[in-house]
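Step one of this worksheet: look at the structure below.
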Amino acid sequence: MGTPQKDVIIKSDAPDTLLLEKHADYIASYGSKKDDYEYCMSEYLRMSGIYWGLTVMDLMGQLHRMNREEILTFIKSCQHECGGISASIGHDPHLLYTLSAVQILTLYDSINVIDINKVVEYVQSLQKEDGSFAGDIWGEIDTRFSFCAVATLALLGKLDAINVEKAIEFVLSCMNFDGGFGCRPGSESHAGQIYCCTGFLAITSQLHQVNSDLLGWWLCERQLPSGGLNGRPEKLPDVCYSWWVLASLKIIGRLHWIDREKLRSFILACQDEETGGFADRPGDMVDPFHTLFGIAGLSLLGEEQIKPVSPVFCMPEEVLRRVNVQPELVS
């Protein structure tokens with residue numbers, strides 16, 4: 001007898017239309033009260049939070065509502081002498097926040113706000129002999145950081161600054177028997193890591209190394225009866241996996257393998273009709289993180305009210321065309 005799947009029940013009165021105006025209002029007002037508890041407690045990831053907010057506003061055609069000059073000044077203040085960029089002023093630099101900052105500056109076509117050569121040196125300094133990347137000087141190794149490194153350098157037009165061949169070797173060593181990828185060699189396959197690794201391989205033109213059918217099957221197995229997607233077996237669905245899983249499927253040319261309409265219904269059910277924004281699951285609290293990935297997931301599903309999104313960079317396709325960054329995808 002099979003084990004019941006963990007899932008959620010979508011109520012009959014759950015939202016079923018896209019509340020775009022409410023989402024734009026929610027993001028535009030988020031952080032306007034700097035003494036809010038939620039805002040204060042998210043300081044440790046502020047740079048990524050700004051990236052989530054700006055990207056979703058751009059996808060909705062509402063970027064003009066955000067305070068461009070204040071954001072550019074903030075980013076400049078977060079670059080350290082080593083070249084790396086931190087989540088907030090006074091915090092330590094990290095590859096995650098360095099990528100977020102470069103993505104924001106690319107959105108605004110203002111990359112010269114920071115010292116680009118210093119950023120390149122910082123990324124170079126974090127590559128290890130086996131080709132892997134640490135996230136910061138403290139040394140944690142993770143395929144997320146391999147993606148952050150090549151994505152940052154690709155946006156800067158400096159991908160040749162690192163040992164790309166060794167970086168590819170390391171990421172491929174993290175491939176598992178099920179076609180997926182983990183954070184390090186031998187680690188369990190996880191949708192978030194798969195997104196990072198397929199994105200990495202797209203940027204480095206190595207997608208031919210992936211068994212797209214095997215990986216596509218594993219990713220499609222993430223869809224539950226509710227229509228939502230989870231990140232690994234026996235976990236609840238979460239709107240953020242509408243991005244990690246969908247983007248990976250798009251990269252390997254297998255997006256048509258899932259039930260798109262059921263997923264769309266699940267994503268829409270995670271909206272808050274009163275405040276705007278998306279939650280991880282229907283009825284939970286909304287936040288900018290899930291709002292971006294809900295909207296980005298709907299873009300991949302072909303939602304006409306949202307700009308086309310790059311499945312590799314989670315940025316508007318028009319921005320990547322402007323900077324001439326077009327990673328390969330499996331057709």
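Each residue, glycine too, has its Cβ placed from N, Cα and C.
Of all Cβ atoms in the protein chains displayed, 19 besides its own lie within 10 Å of the Cβ of G192 (geranylgeranyl diphosphate binding site). In three-state terms derived from DSSP, G192 (geranylgeranyl diphosphate binding site) belongs to a helical segment. The geranylgeranyl diphosphate binding site annotation in Swiss-Prot covers H190, A191, G192, Y241, S242, W243, W244 and is backed by similarity to another entry.
According to Swiss-Prot, the feature Zn(2+) binding site maps to D238, C240, H290, an assignment based on similarity to another entry. Taking a C-beta cut-off of under 8 Å and a sequence gap of six or more, C240 (Zn(2+) binding site) has these contacts in its own chain: D280, F289, H290, F293. In three-state terms derived from DSSP, C240 (Zn(2+) binding site) belongs to neither a helical nor a strand segment and is classed as coil.
Annotation source Swiss-Prot lists N-acetylglycine at G2.
The feature phosphothreonine is assigned by Swiss-Prot to T3, with similarity to another entry given as support.
Residues annotated as repeat 'PFTB 1' in Swiss-Prot: 20-61.
The annotation repeat 'PFTB 2' is assigned in Swiss-Prot to 68-109. Across the repeat 'PFTB 2' (68-109), DSSP classifies residues as 23 helix, 4 strand, 15 coil.
Note on the repeat 'PFTB 3' (116-157): its mean pLDDT in the predicted model is 98. What Swiss-Prot lists as repeat 'PFTB 3' is 116-157.
Remote same-chain residues near the repeat 'PFTB 4' (164-205) are listed as 127, 129-133, 141-144, 146-147, 149-151, 154, 211, 214-219, 222, 229-232, 241, 243-245, 247-248, 251-252, 311-313, 327-329 (criterion: CB distance under 8 Å, separation of at least six residues from the stretch ends). The repeat 'PFTB 4' feature in Swiss-Prot is assigned to 164-205.
Taken from Swiss-Prot, the feature repeat 'PFTB 5' applies to 212-253.
Counting residues of the repeat 'PFTB 6' (260-302) by DSSP class, helix then strand then coil, yields 23 helix, 5 strand, 15 coil. For 260-302, the entry in Swiss-Prot reads repeat 'PFTB 6'.
Compared over the binding-site residues H190, H290, the count of CB atoms lying within 10 A of a residue's CB peaks at H290. In the repeat 'PFTB 3' (116-157), the DSSP tally of helix, strand and coil residues is 24 helix, 4 strand, 14 coil.
The separation of D238 (Zn(2+) binding site) from W244 (geranylgeranyl diphosphate binding site), Cα to Cα, is 10 Å. Largest Cα-to-Cα span within the geranylgeranyl diphosphate-binding set H190, A191, G192, Y241, S242, W243, W244: 14 Å. Rounded to a whole number, the distance between the Cα atoms of D238 (Zn(2+) binding site) and A191 (geranylgeranyl diphosphate binding site) is 11 Å.
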